[in-house]
Amino acid sequence: MTTEVGSASEVKKGSDQAGADASKEKAKEVENEQTPVSEPEEEKGSQPGPPVERQSTPRLRKRGKDPSENRGISRFIPPWLKKQRSYNLVVAKDGGDKKEPTQADVEDQILGKEESLPEEESRAKGDAEEMAQRKHLEVQVEVREAKPALKSSVETQPAEEVRKDKEETIQDTQEEKLEGGAAKRETKEVQTSELKAEVASQKATKKTKTVLAKVTLLDGTEYSCDLEKRAKGQVLFDRVCEHLNLLEKDYFGLLFQDHPEQKNWLDPAKEIKRQLKNLPWLFTFNVKFYPPDPSQLTEDITRYFLCLQLRQDIASGRLPCSFVTHALLGSYTLQAEHGDYDPEEYDSIDLGDFQFAPAHTKELEEKVSELHKTHRGLSPAQADSQFLENAKRLSMYGVDLHHAKDSEGVDIKLGVCANGLLIYKDRLRINRFAWPKILKISYKRSNFYIKVRPAELEQFESTIGFKLPNHRAAKRLWKVCVEHHTFYRLVSPEQPPKTKFLTLGSKFRYSGRTQAQTREASTLIDRPAPQFERASSKRVSRSLDGAPIGVVDQSPPGEGSVPGPGVISYTTIQDGRRDSKSPTKATPLPAEGKKNTLRVDGDNIYVRHSNLMLEDLDKAQEAILKHQASISELKRNFMASTPEPRPSEWEKRRVTPLPFQPQASSHETLNVVEEKKRAEVGKDESVITEEMNGKEMSPGHGPGETRKVEPVAHKDSTSLSSESSSSSSESEEDVGEYQPHHRVTEGTIREEQEECDEELEEEPGQGAKVVEREAAVPDAVPDRQAGASVLPVETEAQEHVVAQKLPGEKGAHGGTAEQDPREEAEEDPHRVNGEVPHLDLDGLPEIICCSEPPVVKTEMVTISDASQRTEISTKEVPIVQTETKTITYESPQIDGGAGGDSGVLLTAQTITSESASTTTTTHITKTVKGGISETRIEKRIVITGDAALDHDQALAQAIREAREQHPDMSVTRVVVHKETELAEEGEE
């Protein structure tokens, strides 16, 4: 490369130097050609100074070339500009040999300074500094060459002028390029910032992109609003509640349908677009959690929306009820929407606009109109309260049904409610799992599993599985169970499990407020009662349409009411601490001799069914009701009906809340006086609405279902125990599990007590060492059965008959009859706390259950007719003359511990069976004394009749029957007790 540059310089100077310089240039060419070869020798010191200068020159070029060529604008400089460096070096060589070392030193110093600069600083300075340094170097070399080389400078002056002009031109060009490059950089930076701003604004517009959401409200109107596409469900729900002026909003939710025939609840914690894939966004506003006691709601507007939801449930068939119930609820609907009955305006009301029942008939409209006349004076809020008080006692109130199949492929329905999980088959409730009884809920693919707590005598937990249509249905059911358990049972929501690495299964947990938190927040509501228009009638909710003298004051719910002229009267049924009012004119019951039962094959049990669920199938009963043309006829049939069994006092005490206790006295006083007056007329006063039989406890129970018989659970557990609920290898979409933490609230203790009652119904083991048996012997007891295997049958049988007891007998409800003290002392040590009021579970008459304060002193009224005898027992026993006779038999083999130390109580069970003239109560206790298990059976038989009995014969028959029924046990004690009052005799 050096040779080419040197020869090119000589060609340019050929016109000025002709002869003498030619030989010198040739010698220089030879030396330049030999320079690469002589470089190793120069390093060893064999060459003089000038070759060292030539050696440093290529290194300088190499050092100067590499950085400049690798960065900046130097890559775009044409080659003829880069050759100027070699041209200057050639001129320096011609100037003289003495200055060459100095030139090399200067170049090395300048290059050393350049290389010592930081790389970042040299890059920032760019190519402009590099060109300035080169120019400075060339100027210094030329100045130093001027004195010793005058001749050569004169000869080369034109060439230098040309070179200077070219260098200035090159410098100007480079400066212009550098300035242009800087301007371009600034322009690019500005453009980039503008583009970024535009992109950011575009992104902002994309983020604020709105989607139209439409919500169908409970009154049929539609609410629309624009939402951000990334908005969460809570935003939409809050807007809807704000539009409705609703504060108690935790009972409600939004439903959407993303798949045919399947609706899902909108999760407020997730984005809507992640839950609802399709546009437009369509939702329906519904009640999600049905309040077990609507009277505890604070605002009327909340009760109004609950009424609207229940009307939809009734019209769609989700909430089945009888013809009479349809008519009663429809009459309250008319009263709330249109006010008092007005014959002039009634013709203008189109009852076809109201869907009172799935099958809307003309006869139903007539019955609704007749009942509407009796509600004069009720405000809309009061009518809604009465509507809810009757609707909450329906067996399917608040039950969310899901289609499923059991292990044998039989179609069933799983119902989720406030108290637990219900199993329905052919519209019959065949099983119930309370929340305290469930340990874990899980799903895997399309299978749904519940792990049930083992019974007292069981060692292993049982898992019951159900097959759902698909995995979405299984996940939806699982979510509903998680939400219901958290809302009704927990004090505060459970936090989602912490996310771990590579964990499977759903992390879903209920994120809203629980019922306890909602009630606490409701007490803090401090605003005037909101006024709202009812959609169907445009009637203002808080207006009263006149209040005649006989107005029934029913608001707030729970306060007493005084029956006035033309106003429906109420009969109060004391429920421990709360009184339940039922209209006597409104809900007639058909006469029924016995409760219908369903026998389950393979198990010695009866499964009670809900009468309300089967009323639509009972055509004969419906036909009878349809022939009743007037209110008086309805009342007569209602009075003649057989009362249905009532829950035990223990069940009632567990259910009823405390705030209603102070109001019981006034209700009882008013209604007992009314009962006395009616009893004087001679009517059988056993008044109760159809919805009230056993439903005072809580929603989800069938009417009258105060005792739970659940051997079906053991059957399912056996058949499904091999199925696994493991979720270790499934994705989040197909697997989820939930283990309830039973942090109960104040109002949920009743399920725990129900579970204890269920466990006490376990069959006792046989082969005990000592048996003590108390029995009174009737002439014939057809429904007394032997052994523990028939205990569930005896349990069910007691619900079929109305108890007919003398006032003097000692009943399970704390009766006041005189009793042998020895017998009392013998029975009391074996009774579990809470079991005494549980003995005669449904045996008392339906009117007054009198074991709880306040005490109202009344006289006892006995009503007798030719076909039926029913006595009403009160707390005060009339003073009568009685004759008592007691015969006691004690075995000489009595065990010493039988009457003394009772040992450790394991289980206690009480079974009551009744027939027309006989009541049999069996009390079974299992204790452990000194490591020995002892089963003790005490049977008490009460016979009501006029015939005289031979006590000796009764005693012998009792001993004989006891030994025949239990040959492996010994009879230790038999007591025959006879009480004679006037002309009637009672034996115990």
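Just so it is clear, glycine is given a Cβ too, placed from its N, Cα and C backbone atoms.
Keep in mind the model is a prediction, meaning the values are calculated, not measured.
Now, the feature entries from Swiss-Prot:
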| type | residues | note |
| --- | --- | --- |
| REGION | 1-190 | region 'Disordered' |
| MOD_RES | SER7 | phosphoserine |
| COMPBIAS | 22-31 | compositional bias 'Basic and acidic residues' |
| MOD_RES | SER86 | phosphoserine |
| COMPBIAS | 110-148 | compositional bias 'Basic and acidic residues' |
| COMPBIAS | 160-190 | compositional bias 'Basic and acidic residues' |
| MOD_RES | SER379 | phosphoserine |
| MOD_RES | SER395 | phosphoserine |
| MOD_RES | SER492 | phosphoserine |
| REGION | 495-651 | region 'Hydrophilic' |
| REGION | 514-594 | region 'Disordered' |
| MOD_RES | SER543 | phosphoserine |
| MOD_RES | SER555 | phosphoserine |
| COMPBIAS | 555-567 | compositional bias 'Low complexity' |
| MOD_RES | SER561 | phosphoserine |
| MOD_RES | SER582 | phosphoserine |
| MOD_RES | SER610 | phosphoserine |
| MOD_RES | SER630 | phosphoserine |
| REGION | 639-788 | region 'Disordered' |
| REGION | 652-837 | region 'Spectrin--actin-binding' |
| COMPBIAS | 673-686 | compositional bias 'Basic and acidic residues' |
| MOD_RES | SER698 | phosphoserine |
| COMPBIAS | 704-717 | compositional bias 'Basic and acidic residues' |
| COMPBIAS | 718-729 | compositional bias 'Low complexity' |
| COMPBIAS | 739-751 | compositional bias 'Basic and acidic residues' |
| MOD_RES | THR745 | phosphothreonine |
| COMPBIAS | 752-764 | compositional bias 'Acidic residues' |
| REGION | 804-839 | region 'Disordered' |
| COMPBIAS | 828-839 | compositional bias 'Basic and acidic residues' |
| REGION | 838-988 | region 'C-terminal (CTD)' |
Fewest other C-beta atoms within 10 angstroms of its own C-beta: which of the modified residues SER379, SER395, SER492 fits that?
SER492
Inter-residue C-alpha distance, SER379 (phosphoserine) and SER395 (phosphoserine) (nearest angstrom):
27
Using the alpha carbons only, what distance in Å do you get between SER395 (phosphoserine) and SER492 (phosphoserine) once rounded?
28
Please work out the mean pLDDT for the residues of the region 'Hydrophilic' (495-651).
51
